[in-house]
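Take a look at the structure set out below.
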Amino acid sequence: MALLPSLLTALVVYELWPCGALGCDLPQNHILVSRKNFVLLGQMSRISSAICLKDRKDFRFPQDMADGRQFPEAQAASVLHEMLQQIFSLFHTERSSAAWNTTLLDELCTGLLRQLEDLDTCLEQEMGEEESALGTVRPTLAVKRYFRGIHLYLKEKKYSDCAWEIVRMEIMRSFSSSANLQGRLRMKDGDLGSP
């Protein structure tokens with residue numbers, strides 16, 4: 001399956017990506033929580049994705065999100081926050097609870113909340129700087145459109161097991177792509193991503 005090698009590549013990039021030397025300070029454990037969330041998404045698989053091939057869909061992940069270098073730091077933090085918020089909203093629903101192992105789902109949602117809290121602090125730091133909030137509107141709208149498409153897909157497929165599996169794999173892809181955005185943010189108390 002072509003998706004697995006790209007996920008593994010993204011995870012390796014995520015593990016090795018140097019955290020930038022910019023002004024947003026994230027706690028040192030932020031990257032560890034992010035890695036754990038990625039692993040939890042992998043563990044949540046309940047059915048073989050091979051039986052869901054007919055349900056595959058290109059959700060059109062915003063390609064400019066895959067390369068975090070084109071965003072100023074305030075935008076990177078804002079876009080990452082929006083992505084994590086949308087992922088949390090997707091998995092923190094009654095329909096999602098019915099589809100997944102609730103223990104893994106609860107761990108994932110707790111980890112996402114921790115990351116969101118870290119980014120809230122980061123965004124508060126950035127608000128005092130010159131970057132205007134208007135500069136973050138276009139990228140965050142692209143993220144919202146992307147997730148709206150995922151929600152519509154689930155609804156069209158009547159929240160079937162295969163639809164949830166396809167969405168889980170897509171979220172893993174978008175989550176691993178967010179590593180580039182996280183790479184723009186400096187880790188407090190040392191860079192875990194530095195070689």
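Each position is counted from 1, following the chain as shown.
Backbone N, Cα and C atoms are what each Cβ position is placed from, and that goes for glycine too.
Taken verbatim from Swiss-Prot:
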type: DISULFID; residues: Cys24-Cys122; note: disulfide bond
type: DISULFID; residues: Cys52-Cys162; note: disulfide bond
type: CARBOHYD; residues: Asn101; note: N-linked glycosylation site
type: SIGNAL; residues: 1-23; note: signal peptide
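For the pair Cys52 (disulfide bond) and Cys122 (disulfide bond), the Cα-Cα distance reads 39 Å. Look at the disulfide-bonded residues Cys52, Cys122 and count other Cβ atoms within 10 Å of each Cβ; Cys52 has the fewest. Same-chain residues at least 6 positions away in sequence with a Cβ under 8 Å from that of Cys162 (disulfide bond) are, in sequence order, Ile47, Ile51, Cys52, Lys54, Asp55. Residue environment of Asn101 (N-linked glycosylation site) contains 15 other Cβ atoms, counted within 10 Å of its Cβ in all protein chains. For the pair Asn101 (N-linked glycosylation site) and Cys122 (disulfide bond), the Cα-Cα distance reads 32 Å.
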